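Q: Among the features that TrEMBL reports, domain 'FAD/NAD(P)-binding' is placed at B:5-333. Per TrEMBL, disulfide bond is recorded for B:CYS49-B:CYS54. Residues annotated as FAD binding site in TrEMBL: B:LYS58, B:GLY122, B:ASP318, B:MET324, B:LEU325, B:ALA326, B:HIS327. Positions annotated as NAD(+) binding site by TrEMBL: B:GLY188, B:ALA189, B:GLY190, B:VAL191, B:ILE192, B:GLY193, B:LEU194, B:GLU195, B:GLU211, B:GLY277. Feature annotation from TrEMBL assigns domain 'Pyridine nucleotide-disulphide oxidoreductase dimerisation' to B:352-461. Sequence annotations record features per position, and here TrEMBL assigns active site, proton acceptor to B:HIS450.
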Amino acid sequence: EDAELSPAVRRLVDEHQLDPRAIEATGPGGRITKEDVLRHMESGSSDS
Amino acid sequence: MSKHYDVIVIGGGPAGYVGAIRAAQLGLSTAVVDNFIYKDGEPSLGGTCLNVGCIPSKALLDSSEQYHKVKHTLSAHGIKAKDVELDVKEMIKRKDKVVKDLTGGIAQLFKANKIDWLKGHGKLLDNKQVQVTGQKGEQETYQAENVILAPGSRPIDIEAAPLDGDRIVNSDGALDFDDVPKRLGIIGAGVIGLEMGSVWSRLGSKVVLLEAQDQFLPTVDQRVAKSAQAEFKKQGLDIRFGARVTNAKTAKNVTVHYEDKDGKQSLQVDKLIVCVGRRPNTGDLFSEDANLLLDERGFVNVNEQCETNLPGVYAIGDVVRGPMLAHKGSEEGVMVAELIAGGNGHVNYDTIPWVIYTHPEIAWVGRTEQSLKSAGIPFKSGTFNFGATGRARAMEETAGMVKIIAHAETDRILGVHIVGPQASELIAEAVVAMEFHASSEDLARIIHAHPTLSEAVHEAALSVSKRAIHKAN
């Protein structure tokens, strides 16, 4: 599952112990972009 | 012969021939009408790009670069070549062979895909009928379910410098000089002018480019444009800005009169190339009762999916809005074929790469710094010079840089601009990254082989967040 994340998203998810399934994905093919992670963290929906 | 087709494409250039092949792959009965005649008198597919554009100009750019290398730059490697000779006729002959092989290759692909090549001028009539007029004036009319208009574009002529087919030529003629002009004038310092100037300057011409605008490559990121301009100046390309040509007279030489901010000027050259732009080929493309709508600039009016105002009639490539680039037209051809076959074709106009094949090359995709500034979009950028990469040093190709621009808040890549060795190849990585909505950090965290030129892209991406390794941030 981790392999589907882009390098920057993988780094953010690991560093902040996020659940990728909880992040709303807007990238092509349902991919999570770095923007999506940043928006997710800003909205305070922490799941760690 | 069948008088009825699922798809009739008018024009066999990069937009039309690619669209036709894709349509045939999808099971549609397809014909292509094309009237291009190569200089040997033979009908030739491939349009401007293959016959008198991208391919022949690149063939000459590569040949002239080899010559320039052996004559001027190999000595830096300790290689001394004496008595180097230039045979322009042979160089042109090789170019013609490259063109012939590739255009013949398209004819083969048509056969393999069972596409009918209707030789002659294609004209759209009412009710999706297409009239084909052959070289001897013979006419035939075909019925199509769908028509794809891909008639392309042609060089713009200017009254001040009418072509004479010998000393004053357009880009077509500039590909067929049989000798190196001692002094070469070029009207227009855009992509075509710069490439033609590069070819003949490398072969020994003293080149002067007269550019009406005050700015060099205004649509290119200005930091990259400035870097390129400095290189071209070093190479001896004399680019004069704000220069408006008023008149060109041919006698033994060509005398070009022009005006710039200092007043009236004149220039003596042996040949003059006019390359001020290109315009869409809509002349005799459709009959009046076809009621095809053109836009205010004379292009065929289309929506995002290249549909015209007539149901079942599409238009693609240089004859419609958007950049006049071969790969843009081809992608539109694919999109339209897929739409006709009931699929979901689309073209991402935000990620079309541009390339200028000078030396160093210039390539870019996405937004420039000046366009982001005027749109008020917050951004950050990172740069890296090729001179700081081991590969460029080993190649003795140290001129140029990579610049990456990302959104200040989201880090999404908004534009990538390269001037330097193999920029045309390096830009592909940036296009992929942008297509996947990558951030500059994504590019920074992807492994790039060492030593390669692509490391300059990697370091520029790192530099966006001030963590490039091989420079002080």
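Cβ coordinates are placed from backbone N, Cα and C, and glycine is handled just like the others.
TrEMBL does not curate its annotations; it predicts them automatically.
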Q: On a count of neighbouring CB atoms within 10 A, which of the binding-site residues B:GLY122, B:GLY188, B:GLY190 is highest?
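A: Of B:GLY122, B:GLY188, B:GLY190, the one with the most crowded Cβ is B:GLY122.
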Q: If you measure from the Cα of B:LEU194 (NAD(+) binding site), which of the recorded positions B:CYS49, B:LYS58, B:ALA326, B:HIS327 is the nearest?
A: B:LYS58
Q: If you measure every Cα to Cα distance among B:LYS58, B:GLY122, B:ASP318, B:MET324, B:LEU325, B:ALA326, B:HIS327, the residues said to bind FAD, what is the biggest one in Å?
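A: The widest Cα-Cα gap among those binding residues is 29 Å.
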Q: Give me the count of other Cβ atoms within 10 A of the Cβ belonging to B:LEU194 (NAD(+) binding site).
A: 26
Q: Counting only other Cβ atoms and using a 10 Å cut-off, which of the recorded positions B:CYS49, B:ILE192, B:MET324 scores lowest?
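A: Relative to the other recorded positions in B:CYS49, B:ILE192, B:MET324, B:MET324 has the fewest Cβ atoms within 10 Å.
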Q: Could you name the residues, excluding B:GLY188, B:ALA189, B:GLY190, B:VAL191, B:ILE192, B:GLY193, B:LEU194, B:GLU195, B:GLU211, B:GLY277, of the same chain that surround the NAD(+) site, i.e. Cβ within 8 Å of the Cβ centre of those residues, in sequence order?
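A: Filtered neighbour residues, in order: B:ILE186, B:MET196, B:GLY197, B:LEU209, B:CYS275, B:VAL276.
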Q: Work out the three-state DSSP category of B:GLY122 (FAD binding site).
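A: DSSP assigns B:GLY122 (FAD binding site) to strand.
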Q: How big is the Cα-to-Cα gap, in Å, between B:LEU325 (FAD binding site) and B:CYS49 (disulfide bond)?
A: 9
Q: Specify the count of other C-beta atoms within 10 Å of the C-beta of B:ASP318 (FAD binding site).
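A: Its Cβ has 28 other Cβ atoms within 10 Å.
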